[in-house]
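Data block below; observations after.
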Amino acid sequence: MRSSSIACLVAATCLFSVSVGALPIEYFYGEDGQLQQHEEPIEETEDNADNFQQDREIVALFDPSKPIGQVSGLAINKNGHIVAFHRSGRVWDEKSFNSDETFNKDLGPINNHTFAIIDREKKVVDEFGAGLFYMPHGLTIDSNGDYWVTDVGSHQVHKIDAKTQKIVMSLGEKLVPGEDQTHFCKPTDVAVAKNGHIFVADGYCNSRILKFDSKGRLMAQINAAIEDGQPSEFAIPHSLALIEDMNIVCVADRENQRVQCFSAGLSEGDRTLPTGIPITSATDIGRVFAIREREHYLIGVTGKSEDVEAQMFSINMKTGKTETFAKGLRDTHALAVAADGVMYVSQLEPSRILEVRLL
């Protein structure tokens, strides 16, 4: 981490100031460029074994009982099971999209299951999602237990009923990218509040956050906060974390190597802040691929950048204390945090899920 700062952008609502605890932990994947392809078996060497224990954490391979594809989204359901939104045998490559961002229709939807429900003993207890999605990406579970996903291939956001396992609501026009109020372009993530408000990170092309009501009607657009010395626009907002009791939505602004947090516009009364007021930010923390919140701790995973090593981080949203751990955890994409604090992280290359426990 080159430097880390958390800047309060609205003095009246400043939440915390930074206290960085850098933890220089040597990690386990070997030299750059030597990561194996997802279809190859993982060699167990001294630096790449089933379990990796360092000063701060234990990282273990979490191998489901049945093979699944590249996991682009992770969540924990009401039963405490790990929900993996994956691409089966599909890989995002140069043939996936055309120059105008439309999906290669010759590929069609993924014919195999794209959801795997996995218990803590790694048994796949359920699968579904065949023939529904083109290029799975983000996943969240709402307060009712229903699934919400983003599909960068179809340029849509979908709600899936957890009981019927059917799509019951879709935002965006199927296979049509766009930048107006009714279209997305490769949306990356979604977060849903208890009152039904929907936040969409849109995403790879448009670099904006859109907020909808429970019926899918646009309520607001959130743009990047203006900060001294920082880019004025998002550069691939890749992940969202909604902290409802603090009325905050945080954005993992991947290529700008920062997290920016805004008022979510969820509270009511005279002191309600409108949606999108900048609250706070953390900068120079690496290319942030995923963020999730658990009990006012914002947990994140970053990819390797020019001057910041790939790692995980946690920010206490009440005090601002920041810690880094699991340095060298590369090619991460998705993150979920269980009720007991165990973290599940997906990697695309090699394709696998890791279980991270802090000591």
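Including glycine, each Cβ sits where the backbone N, Cα and C put it.
Feature annotation from TrEMBL assigns Ca(2+) binding site to Leu74, Leu139. Residues or ranges marked as protein binding site by TrEMBL: Arg87, Tyr204, Arg254. Taken from TrEMBL, the feature Zn(2+) binding site covers His137, His238, His333. Per TrEMBL, the feature disulfide bond maps to Cys185-Cys205, Cys250-Cys261. According to TrEMBL, the feature repeat 'NHL' maps to 122-163, 171-215, 233-265. What TrEMBL records for 1-22 is signal peptide.
Straight-line distance linking the Cα atoms of Cys205 (disulfide bond) and Leu139 (Ca(2+) binding site), rounded to a whole number, equals 19 Å.
For the recorded positions listed here (Leu139, Cys185, Cys205, Cys250, Cys261), the lowest count of other CB atoms within 10 A around the CB belongs to Cys205. Taking the mean position of the Cβ atoms of His137, His238, His333 as the Zn(2+) site, the remaining residues of that chain whose Cβ falls within 8 Å of it are Ser72, Gly73, Gly138, Thr188, Asp189, Ser239, Phe289, Ala290, Ala334.
Straight-line distance linking the Cα atoms of Tyr204 (protein binding site) and His238 (Zn(2+) binding site), rounded to a whole number, equals 8 Å. When the recorded positions Leu74, His137, Leu139, Cys261 are ranked by how far their Cα is from the Cα of Arg87 (protein binding site), His137 comes first. Sequence-distant contacts of His333 (Zn(2+) binding site), defined as residues of its own chain at least six apart whose C-beta falls under 8 angstroms from its C-beta, comprise Gln70, Val71, Ser72, Phe289, Ala290, Ser346, Gln347, Leu348. The Cβ of Arg254 (protein binding site) lies under 8 Å from the Cβ of Ala235, Ile236, Pro237, His238, Ser239, Arg287, Val288, Phe289, Gly303, each of which sits 6+ residues away along the same chain. Residue environment of Tyr204 (protein binding site) contains 21 other Cβ atoms, counted within 10 Å of its Cβ in all protein chains. Applying an 8 A CB threshold to same-chain residues 6+ apart, the list for Leu74 (Ca(2+) binding site) reads Ile82, Val83, Ala84, Phe85, Leu139, Ala334, Leu335, Ala336, Tyr344, Val345, Ser346, Ile353. In sequence order, Ser72, Gly73, Phe85, Val149, Thr150, Asp151, Val152, Lys186, Pro187, Thr188, Asp189, Gly203 constitute the residues six or more apart from His137 (Zn(2+) binding site) in its chain with CB-CB distances below 8 Å. Just so you know, the Cβ of Arg87 (protein binding site) picks up 24 other Cβ atoms within 10 Å once every protein chain is counted. Here the repeat 'NHL' (233-265) has a mean pLDDT of 97 out of 100.
Around His238 (Zn(2+) binding site), a 10 Å sphere centred on its CB holds 25 further CB atoms from the protein chains shown. In this structure the alpha carbons, written CA, of Cys185 (disulfide bond) and Cys261 (disulfide bond) are 22 Å apart.
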